[in-house]
Amino acid sequence: MDDLNNEYEYDSCQKQQIAEAMLHGHMSYGRGDAHDMPRSMQIIEPQTPLFPSGPQGQLHSQPLSPDNSILGCGNSVSSSRRIYPFPYSDPGTPGISKSSDLSKDFGYGSVAWKERVDNWKSKQEKLQETATEVVVPSNGTKVDSVDENGTDVADTMMDEARQPLSRKVGIASSLINPYRMVIVLRLAVLGFFFRYRILNPVPNAFGLWLTSIVCEIWFAFSWILDQFPKWFPINRETYLDRLSLRYERDGEPSQLAAVDVFVSTVDPMKEPPLVTANTVLSILAVDYPVDKVSCYVSDDGAAMLTFEALSETSEFARKWVPFCKNFNIEPRGPEVYFSQKIDYLKDKVQPNFVKERRAMKREYEEFKVRINSLVAKAHKVPDEGWIMKDGTPWPGNNTRDHPGMIQVFLGHSGGLDTEGNELPRLVYVSREKRPGFNHHKKAGAMNALVRVSAVLTNAPYFLNLDCDHYINNSKALREAMCFMMDPTVGRKVCYVQFPQRFDGIDLNDRYANRNTVFFDINMKGLDGIQGPVYVGTGCCFRRQALYGYEPPIQPKKKTMTCDCLPGWCCGTRQTKVKSQKSKKTEKNHDPSQTDLPVPTSNLEDIEEGMEDNKSFTMSKKNFEKRFGQSPVFLASTLLEEGGVPLSVSPAGLLKEAIHVISCGYEDKTDWGLEIGWIYGSVTEDILTGFKMHARGWRSIYCMPERPAFKGTAPINLSDRLNQVLRWALGSVEIFLSRHCPLWYGYGARLKFLERFAYINTIVYPLTSIPLLVYCTLPAICLLTGKFIIPTISNIASLWFLGLFLSIIATGILEMRWSGVGIEEWWRNEQFWVIGGVSAHLFAVIQGFLKVLAGIDTNFTVTSKGSDDQDQFAELYLFKWTSLLIPPTTLLVINLVGVVAGISDAISSGYSSWGPLFGKLFFAFWVIVHLYPFLKGLMGRQNRTPTIVIVWSVLLASIFSLLWVRIDPFLIRVTGPNLKQCGINC
């Protein structure tokens, strides 16, 4: 019988010993004197216990009980505990001691160290030998697979626990096979279509014809990149009951892995503190063991308002969390829960629920008033800056020059709810900012959170959320663990991506904010290849994958000595003894390229000869060069199952946490290059996921029936276009970088169709150029009387008809297997044109200027809320932006062209109506796609800024006049025009 608990586990005790040894080995050769260290900020807690335990009990068991802190200006909202600046390395502060020679204790280069490694290897061999003989329960006792009567010991529940935690659900063949057939048919029709178009030019409008051919070829190439990664779409199911049976047995501590949750915010004036507070409250109330959850809030703007709001949130959480768990509340964000227009008494049987709900709603309203008062006070910044209660300035008054700050609001035993139960940890983090350093915006803030969490809690998995994305499904973490902790597929999964869902979008979804086609069609297709791309939020990561390690490699099957005879005849090849050269190559192997979280290079260094300290010193230096100068953090990277080294004091942990968020920590390391969030693009999410897939990891797309997370989206036209502009600019930056999927990662483990998908994510903004030109052609044709297609025969018309039918059939079949509605599909098509001729075009221009000329572009954070009482007031809010000019100009010139074409047909007689229909269809195709843009331009009261109308009409008039004067696409007549003056010229 299989070993359920240890089938895929390694000896955690030995890894803990290795981490401890490396930790003290780093400490032994110095951290420098105190005066060499930068000044930072830290909460001084005289007796701060250590952080709580991790998934395998490797973390500290001592409780953390910090007092809540609140900072204020003048009369603060509540009492405060002082935040003190101090030199980084304080000899008087208990922490990491400078050991003169710890190698004697841990045996580096000694026989004891080599015996420790040999013991570790022998345990691995024994584990493999006994894996199929016994079942090892969680209490560690050995149980025979059969009893004295020869019957199986495992009962029905054990059999259920042995089953996979998730499974693939393929698309029905009756849905997917016709879809694939239509795609192949469409390819064939495209081939015949382009053959006809290329072999039949238009002599009297050769320029128009050639321009249209180039645009159509690019559209076909773009369609191929988008279509073929959707060839193998799949669905997935999870089994939460099996997860509980396997890792949460009655009477035993939960064996679920610990999870750190990251929330990032920058400007509380644009990202309302109440929104962030609701996200934090939904995390603290999640359905997961409280000692396994830690919430880290990154305040990259060092705002005192965010700090105070978080303090208020921690106090309200003491009442909100038990209410949610006692009555099984969904969702667990109070703002959304109390604003739901549903029967909140459904499925509620507790007699006191109504009374408790009313009391909690009153408590939440009072909480909102306190947050609103903080926001109102923050609008008026004192001349001297914010002052704390003890009279000292707030460290973050200068947002570009301030020390690092960490505050623990809730801890293992320091934060209890109103019923005396523990609450998850809540940690405020603001990394150090200094002039002259490149802080890398959000990517740098996320990397700082990775290091802080590794030092303080070091959970093996972490979830990242934007500040406006609350947990809508309290079992979201369990859904992710069904994949991460699945012994069959989990070890190769680098992250589990959830779809983004949004609240507050108008019913018609005018600007395709839901992005349903991408999340319900494209992402399902990628899940059948190597996994979905990382989209920046709602993603649960494996920490070791983000550290740059490779996934476990499946052992290769034994090959025969020859290919012509069967294996039973020739036998299997004998494994050759490694040469000294191959040993040397493996010895120098980069630790990031290993398939185990304990770098292979270290074990091989020890195996090859730890008699001298030189080889191990080189290994330590390699780790420092890769991860930075922090012994606690380096030791944490070796713990695959998470946990904090046991030998570090509480003050030492906090001091190391401050150190790893200093602005100079990443200098001359691989942070942002090979590990963590990758730098070099404003869309760091795409780049980060691509690097992990290139190493051979796979990702999972999880779509639970109840959406896991929900957020807000900018539903007005200007904010939506600016959001799309930022995404497109990031794609252009990746296209011009060394990480471009067109040339990066060949020879690695990135699958071919997965590369197709990544190429599509970075070249799609370039489609804006041919799209803009193609949308201009209808107006040109109507104004000049020429067309891009010659008079076609009946046979040639079949190719045009076949192409249109195949496009329609592809869309219909795609909607069938995905469940996407036709209205959502059509909105996506419309916004593809709107965004293509506006935001994508500007992104291409700005991207090339930024990369080639060094001209950087700053983006404002899109608004996360509205003060208007109307739910969709933001939909009609208009903000001036230059992105509105190109689509407005296209609308004007196409409308002018339609009027001019119809007027000319009326004056020319009946014979001119036939050729006019093709041109009108072309022009109406453009106008219909831009119709949502036209509605947004007019607003609720049809108010359009005068500057938009003036610029658009001016550009359209100039274009029309120049066209009449230059007429570049028509053949020039060198002699007299006989049609007008005959032989009398």
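Glycine too: its Cβ is placed from the backbone N, Cα and C atoms.
According to TrEMBL, the protein has these features:
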type	residues	note
ACT_SITE	Asp300	active site
ACT_SITE	Asp685	active site
BINDING	Ser264, Lys270, Glu271, Asp300, Lys441	UDP-alpha-D-glucose binding site
BINDING	Lys442, Asp466	Mn(2+) binding site
COMPBIAS	583-592	compositional bias 'Basic and acidic residues'
REGION	580-601	region 'Disordered'
TRANSMEM	176-194	transmembrane segment
TRANSMEM	206-225	transmembrane segment
TRANSMEM	762-783	transmembrane segment
TRANSMEM	795-813	transmembrane segment
TRANSMEM	833-855	transmembrane segment
TRANSMEM	876-896	transmembrane segment
TRANSMEM	916-934	transmembrane segment
TRANSMEM	946-966	transmembrane segment
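Features per TrEMBL, on structure.
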{"residue": "Ser264", "record": "UDP-alpha-D-glucose binding site", "Cβ within 10 Å": "23"}
{"residue": "Lys270", "record": "UDP-alpha-D-glucose binding site", "Cβ within 10 Å": "14"}
{"residue": "Glu271", "record": "UDP-alpha-D-glucose binding site", "Cβ within 10 Å": "24"}
{"residue": "Asp300", "record": "active site", "Cβ within 10 Å": "22"}
{"residue": "Lys441", "record": "UDP-alpha-D-glucose binding site", "Cβ within 10 Å": "15"}
{"residue": "Lys442", "record": "Mn(2+) binding site", "Cβ within 10 Å": "19"}
{"residue": "Asp466", "record": "Mn(2+) binding site", "Cβ within 10 Å": "23"}
{"residue": "Asp685", "record": "active site", "Cβ within 10 Å": "24"}
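For Lys441 (UDP-alpha-D-glucose binding site), the nearest of the recorded positions Asp300, Asp466, Asp685 in terms of C-alpha separation is Asp300. Note: the CA-CA distance between Lys270 (UDP-alpha-D-glucose binding site) and Lys442 (Mn(2+) binding site) rounds to 15 Å.
Of all Cα pairs drawn from Ser264, Lys270, Glu271, Asp300, Lys441, which the record names as binding UDP-alpha-D-glucose, the longest spans 16 Å. Outside the transmembrane segment (795-813) by six or more residues, the chain places 175, 178-179, 182-183, 185-186, 189-190, 192-193, 196, 200, 227, 825 with a CB less than 8 A from a CB of the stretch. When Cβ-Cβ distances under 8 Å to the transmembrane segment (833-855) are tallied for each of 176-194, 206-225, 762-783, the top count falls to 762-783.
Note on proximity: among Ser264, Glu271, Asp300, Asp685, the recorded positions of the record, the Cα nearest Asp466 (Mn(2+) binding site) is that of Ser264. When the recorded positions Ser264, Glu271, Asp300 are screened for a Cα within 10 A of the Cα of Lys442 (Mn(2+) binding site), the ones that qualify are Ser264, Asp300. Across the fold, the C-alpha of Glu271 (UDP-alpha-D-glucose binding site) and the C-alpha of Asp300 (active site) stand 12 Å from each other. The two recorded residues, Ser264 (UDP-alpha-D-glucose binding site) and Asp300 (active site), show a Cα separation of 8 Å. Residue pair Asp685 (active site) / Asp300 (active site) shows a Cα separation of 18 Å.
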